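Participant: Attaching a single structure in structure tokens format; questions to follow.
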Amino acid sequence: MAKFALNQNLPDLGGPRLCPVPAAGGARSPSSPYSVETPYGFHLDLDFLKYIEELERGPAARRAPGPPTSRRPRAPRPGLAGARSPGAWTSSESLASDDGGAPGILSQGAPSGLLMQPLSPRAPVRNPRVEHTLRETSRRLELAQTHERAPSPGRGVPRSPRGSGRSSPAPNLAPASPGPAQLQLVREQMAAALRRLRELEDQARTLPELQEQVRALRAEKARLLAGRAQPEPDGEAETRPDKLAQLRRLTERLATSERGGRARASPRADSPDGLAAGRSEGALQVLDGEVGSLDGTPQTREVAAEAVPETREAGAQAVPETREAGVEAAPETVEADAWVTEALLGLPAAAERELELLRASLEHQRGVSELLRGRLRELEEAREAAEEAAAGARAQLREATTQTPWSCAEKAAQTESPAEAPSLTQESSPGSMDGDRAVAPAGILKSIMKKRDGTPGAQPSSGPKSLQFVGVLNGEYESSSSEDASDSDGDSENGGAEPPGSSSGSGDDSGGGSDSGTPGPPSGGDIRDPEPEAEAEPQQVAQGRCELSPRLREACVALQRQLSRPRGVASDGGAVRLVAQEWFRVSSQRRSQAEPVARMLEGVRRLGPELLAHVVNLADGNGNTALHYSVSHGNLAIASLLLDTGACEVNRQNRAGYSALMLAALTSVRQEEEDMAVVQRLFCMGDVNAKASQTGQTALMLAISHGRQDMVATLLACGADVNAQDADGATALMCASEYGRLDTVRLLLTQPGCDPAILDNEGTSALAIALEAEQDEVAALLHAHLSSGQPDTQSESPPGSQTATPGEGECGDNGENPQVQ
């Protein structure tokens, strides 16, 4: 007995179930055919499938000869229009068996309400339900062949009255074994049938659109017919043939596309697709006839004009989508670059600081240039006024007596004179003109001290000598030295190197009785009185009649108002710059004279003590005050005037960390008694043991390193600490031992409390430093002092050395300057 083999290469038919639940009583519906419905509405006969299986089995599975069996005609297939449900494609028919012995074997299946999935274009997958149905059918056929008798030649095998679809093949017929080419042909035919079904579905979807167009054209036709009676303009009659020709071409193109679609589809006349296509074709023919009948109407041309832009708009809308996608992809790369630059944020910080410094420098240069322009204008006006005043003065001097100038001066004291002198400070005395001309106009000098170590073993020079500076004027460096400096000096005067930051000391005055001291007389310099016989009296009159120029007075008044306001209130920078510029021009130049400074101080004192304290302690960009400059340039007469105000901050340090007291320890005096009196007064008013903010040196160490023996004695007399140490732990004795200052070493050893055994930060003593510097005499003196405990150094002291004794050269408790013996 031949077995029914299932071909696994058959495509999946897509049916979810083939055996629906039978009707009540186990009977099938008489209208159910022996077929399977595909998702596209195509019915496949199971007999055809069994025939394909028999062809695959070949001649080895041929049945025994017997009478052919007759087949009962199948029920007609329903049309394609009724094969689909409204919602989705479903299988409306299934297989059932008419065997009475097993009525419910094939009734176990899925519920009949499941929806069919559309056919997927991917590779076919085996359907277990179809395989189960085929195996069940094969088994029943084998059972039927074993139990049935051979039928007569003239009769056919009776079939089930229900038409269950079971049929037995003719046993006497031996079909020829098909080849692989025939099987491939069958598969291609089935695939072509499925493709045809898809095309029919696509054409069926276009039918509603065509019907909508037909309705729109009919409405347009009705509108055109309604407007035929209206008179047409003359312009439309000329363009009528062109619009009619355009409308005909559009109609022909639409009809051609529809006919081509019908030719490809070729639906049957009895199918719904065929009927709809026929209706569409008829509607188009009617439309062509109606359009032909309206050749003379202008409204037909408007239909053609409205139909063209629809297609163009569809194409224009598709273009921007691709461009927008490209635009959105561009910023991603830019953001990645911005993220990479975040790792380099450390580099722009230095560049930004440099830019800030450059901006500040530019602002400063602009301010200086503005001040210079204003000063130039003032000088030009003052020159013209001075020439006029000089001409008038010469005419008056020819006719007046010797008492006339002083009477004029007394009269000018009561009434302000409109004439202006070249300086911003004015005086009615005849000598004021010459004094102002002696002061050269210049900008604010910004200078710091340039440190240069002295040569070991060099002896201090006896000639006058001032410090060397590195000044910063208008953004450039310039070096300046005193005119009294001698080339034979081995020592170089220094201050401190310019630091990156600034530090200022506290204005700590030693007492409030500075006015009780006897200030040194101001040096007249180049200022000469034109009448020597009346020298004393005009000088006293000039001191009582000091006035400021109107412009400087206004600036001082504005500055006084700012000082009285709270700190949070905005200040006027122009007034501050003007006052500072004039103050440093008068008091801080190398050739500045004491008389103009005294006149300006008197004029500022009249406006208020608070303004006087502010002006006296004004500092430039390097932290230097007028006291720093006067001491550094050796203008101790000006320094005495500043100390007389009682508001001068003696201990204030500049940006290099040095105070005016430390600079005074390096200054050489010109007039021995007068200048030394000012220096001693400065030492007594300040803190002689104050240390520089950078190196920690004291004024005593600076004086020793520069060979100022007289300043060393004065500092010791004012209470300088001999054992004070700097930042490296060095003392004044170590400094003197290193430079070979033998006289200074003797002077230091005579001071009570001097400890030569002190060690610095490296554990080195003064004796070791002297031996290392090859200072044999100093080393022998230190060794003798350490060996004997208290050697007699008085007999070995040179005649020029000074020894401080109790009660001589010491400062008083009230801060008065000592008297030099």
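Backbone N, Cα and C define each Cβ position, glycine as well.
From a predicted model like this one, the values you see are computed outputs, not experimental measurements.
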Participant: Of S29, S177, S417, which does Swiss-Prot mark as phosphoserine?
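Facilitator: That would be S177, per the phosphoserine annotation in Swiss-Prot.
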Participant: Look up coiled coil in Swiss-Prot and report which of 181-230, 531-580, 581-630 it refers to.
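Facilitator: Comparing 181-230, 531-580, 581-630 with Swiss-Prot, coiled coil matches 181-230.
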Participant: DSSP on the repeat 'ANK 5' (762-785): how many residues come out helix, how many strand, how many coil?
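Facilitator: Output for the repeat 'ANK 5' (762-785) reads 17 helix, 0 strand, 7 coil.
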Participant: Provide the three-state DSSP residue tally for the repeat 'ANK 2' (656-690): helix first, then strand, then coil.
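Facilitator: Across the repeat 'ANK 2' (656-690), the residues distribute as 19 helix, 1 strand, 15 coil.
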